[in-house]
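Comments concern the structure below.
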Amino acid sequence: MKEKEEEEEEKFQKSYLTGDEDLRRASQLVDSLISSSYSVRTLPVKWRVIREKLEQLHSGLTVAAGGNQEGSYNSSALAELLRDIVSMAGETQALAHRCSEECYSGGKLQMRSDLDVIASKIDLQIKRLGEVYASGILTDAQAIIVSRPSAGASREDMRFYVKDLFSRLRIGDSEMRGRAIAALAEALHEDDKYARIAVLETDDGVGLLVRLLDSRVAGFQEEAAEVVSVIAGFDSYKGALITAGVIASLIRVLETGTEVGRSRAARALRKLTENSDNAWSVSAHGGVTALLSICRDAGSGEELITSASRVLRNLSSVSEIRRFMVEQGAVSIFLNILRSRNKEPFQIQAIEFLHTLASDDEAIKEKVISQGTIESLLSVLDTGSSKAKEITLQAIDTLCFSSASAMSSLTAHGFLDRILFYVKSGEPSTQELALKAALRLGTSTDETKKTMGDMGFIPALIALLETKSFDVREMAAELLCGLVSVQRNRRRFIQEDYNINRVLQLLTPDDEKSVSKKFLLSILISLTENHSGRRKIAASGYMKNLEKLAETDVVDAKKIVKKLSGNKLRNIFSGLWGS
């Protein structure tokens, strides 16, 4: 048996041993061994590990064989390494043959041990090949990156490409590693399949990327952060990143990296913290402090502030972390951004963060409002783009309308004037948010309702009763219902015959697109509290719409008709008594 194994090993090495030590032939030898390993069915897990290590070694040899500089192969260190690789390949081929034949001279347990020894030898040879690269024996001419497979390439071609890049990252010199990590980032952006290969089909691929985040070379760190950010965008791969310890490394990049590196690290953390379970890990590694420090720094750029604030917004979903942020001065930091950074992107991030931070915590809302936030928000509302206006109105809705003092402050600072302007002439999205704000204010106090009536809200709302948006029609009708609940506004409403005619006209029984009739009928019920209102309703040419609704047993319509009928009888008796 021993003689047969030696014969197999000699046969496998023969073509190589009869010639000079040659990198290209060594690469071919290992490649042949990789192919042979696929046919082994016994101990598949062991052989998969060996095959992955052989692929790493093969990629390194292929890179080295790509150069042809004279004298590169004359190094004693390289020659010795190649001899050891050939010896290892022969041993491995012999073991593959024994496994295929299921011939275990020392038993299956001994075979497992032999395979572990081979795997360790390959690891050592990969390390030695890396040392040869580091020594400069193999130069940059031999570090050309393999071309990325074209669109529609086979999975095997894509897999070979990714494995080759990771081999270069493991054994290459600085320039080779820089090119490899940049090429990997480009590949991940091009096709999602590369991410799967890198995470699930590359031995220690994620671990290597995490280690590169801690590199002292800024370029490596930046590209590694970009690669990690792309991978973090896939829910199925986030677990692999977390297990590899990526959060601690990303936070170290936040603390000490370049502007580009920190922006990319923050982008990765934003994706990872969409799961609140990971929020605790970020906080435990000092992430909150690092992120707030970035936002506090006047030198932080737009992209970095944007990325950092989005991570903080995710973290604030955890109440304990949210309170810690407040203790660390988050409110003051973001109010400072809102006031001192004149560029709109900064202001938007500040408003969105404060909005999120305070959304479910009344104590934080009070803290935010008490520091003069309303004036800053109204300033953005006056000068911002449509997007900024929308975000500001949403923030005002959350921050101010649960507090009577905040609503009073809004009114005192001219908020109603701004709202009326957007209700009349705002873009659809802004108009709807403005109308929502008006509705919140219009259901607060009678004094506010009177003020809104005096300012001209009633004709503006009447005009919206037939707008295309169902939500706008509904809110306009509901707000009108609230405004006419006070006598001053009822008188103002009744003065214009058009107003009553419009409401009655919209009561068409078979019009499905009309405003919800409950609000229109509520408006009419309020108007019947006034003698002039009852008279004008009864005299309207659209009274028949109300009567038809009453005939279909609509309760409020029947109440109004009954009230108007009683009024007519009283008028008749009054006339008789008067005569």
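Heads up, the Cβ atoms here are built off N, Cα and C, so glycines get one too.
Record features, source TrEMBL:
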DOMAIN    25-137  domain 'DUF7032'
DOMAIN    186-425  domain 'U-box'
REPEAT    286-330  repeat 'ARM'
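Sequence-remote contacts of a segment are chain residues at least 6 beyond its ends whose Cβ falls under 8 Å from one of its Cβ atoms, and for the repeat 'ARM' (286-330) they are 247, 251, 254-255, 259, 262-263, 266-267, 269-270, 273-274, 276, 279-280, 336-337, 340, 343, 345-346, 349-350, 352-353, 356-357, 360-361, 364, 367. Per DSSP, the secondary structure of the domain 'DUF7032' (25-137) breaks down as 91 helix, 0 strand, 22 coil. When pLDDT values are averaged over the domain 'DUF7032' (25-137), the model yields 82.
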